[in-house]
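Participant: Have a look at the structure that comes next, please.
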Amino acid sequence: MVVGPTAVGKTTIGIEMAKHFSGEIINGDAFQVYKGLDIGTAKVSEEEKESIPHHLIDILDPTDTYSAARFRQDAHRKMADIGGRGHLPIVVGGTGMYIKGLTADWSFSETGRDQALRDRLEARAREEKGEIRLHEELQTLDPEAAERIHYRNVRKVIRALELLYAGKPPPDPVESENTTAKAYEVIMIGLTMERSLLYERIESRVDQMIASGLLSEVRALYDAGIRHTQSMKGIGYKELVAYLDGNYSWSEAIAQLKKNSRRFAKRQLTWFRNKEQVTWFELGEDGKQDVTEKIKAHLAGQLRRMSKD
């Protein structure tokens, strides 16, 4: 698995690993599953794929909903298929709950309670705009749960976050069976970089998205009546929907998009550092080739170890 914050370069590294190790990519991003959400999700282009098969991209209409439970089922099927053909499944993405669903034996009806965590979340909810920020955090970790739970229902938002931070997704109303698939042995590769450089890359990416026609992409969905769906809650979409609704000026929408992207990157890093066993590799402005070779060597060594076990 290749994980890390938005804009760090996961797509490029994932493709390099797939080329070197006869792999196929499984998307681990909660919004790249949607058709028509291309620019705002930084979806890999056909040219960028370099003929490497990619899975779980463009599998849903933007009016559909998706969850960690459904992703887990879909990804397990893809992993079995890819492995059965003698190829290496490589999950690439930054949606923490989706990744966690593949690295742990979860029962999707488990419950748990952490009073200390609940107290901290309740204290945050009492802060200015605390309810909204907690709901945004839930949106990042489990978009479908955020779709079901209104931000003013603080009790349910906190309960959902409590379960998520305990490593257990909120119960899915569709996936109710209490079964778990055997977790795969995982090699987790994390990408990071110095924070100021990452933030520069994020801002540059947002500028590039705007120049590439993000507003036109969002407007087409907006005009089709796709406004209050799970797909439109993603960063890059919700800010421009607010602009089209007249709630932001253009400059305010772009500033909010950049701010939300930076916050998201910070939450992603916190999640993967706290919740997963990751071997981290730091990327810089230059030297990507050197880091790529280090990752190849690490992955080759881990694959040899696994083949002997």
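In case you wondered, yes, glycine gets a Cβ from its N, Cα and C as well.
Grabbed the feature section from TrEMBL, which reads as follows:
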- G4, P5, T6, A7, V8, G9, K10, T11: ATP binding site (BINDING)
- T6, A7, V8, G9, K10, T11: substrate binding site (BINDING)
- T95: site 'Interaction with substrate tRNA' (SITE)
- R118: site 'Interaction with substrate tRNA' (SITE)
Participant: Counting other Cβ atoms within 10 Å of each residue's Cβ, which of the recorded positions K10, R118 comes out lowest?
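Facilitator: The recorded positions K10, R118 were compared, and R118 has the fewest Cβ atoms within 10 Å.
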Participant: Taking the centroid of the Cβ atoms of T6, A7, V8, G9, K10, T11 (substrate site), which other same-chain residues have Cβ within 8 Å of it?
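Facilitator: Close Cβ neighbours, site residues excluded: G4, P5, T12, A42, G94, L191, R201.
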Participant: Quiz question: given the binding-site residues A7, V8, which has the greatest number of C-beta atoms lying within 10 angstroms of its own C-beta?
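Facilitator: Per the Cβ count, the most surrounded site is V8.
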Participant: What are the non-local neighbours of T6 (ATP binding site), defined as same-chain residues 6+ apart in sequence with CB under 8 A from its CB?
Facilitator: A42, G94, I202, R205, I235, S261, F264, A265, Q268
Participant: Near T11 (ATP binding site), how many other Cβ atoms are within 10 Å of its Cβ?
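Facilitator: Result for T11 (ATP binding site): 22 neighbouring Cβ atoms inside 10 Å.
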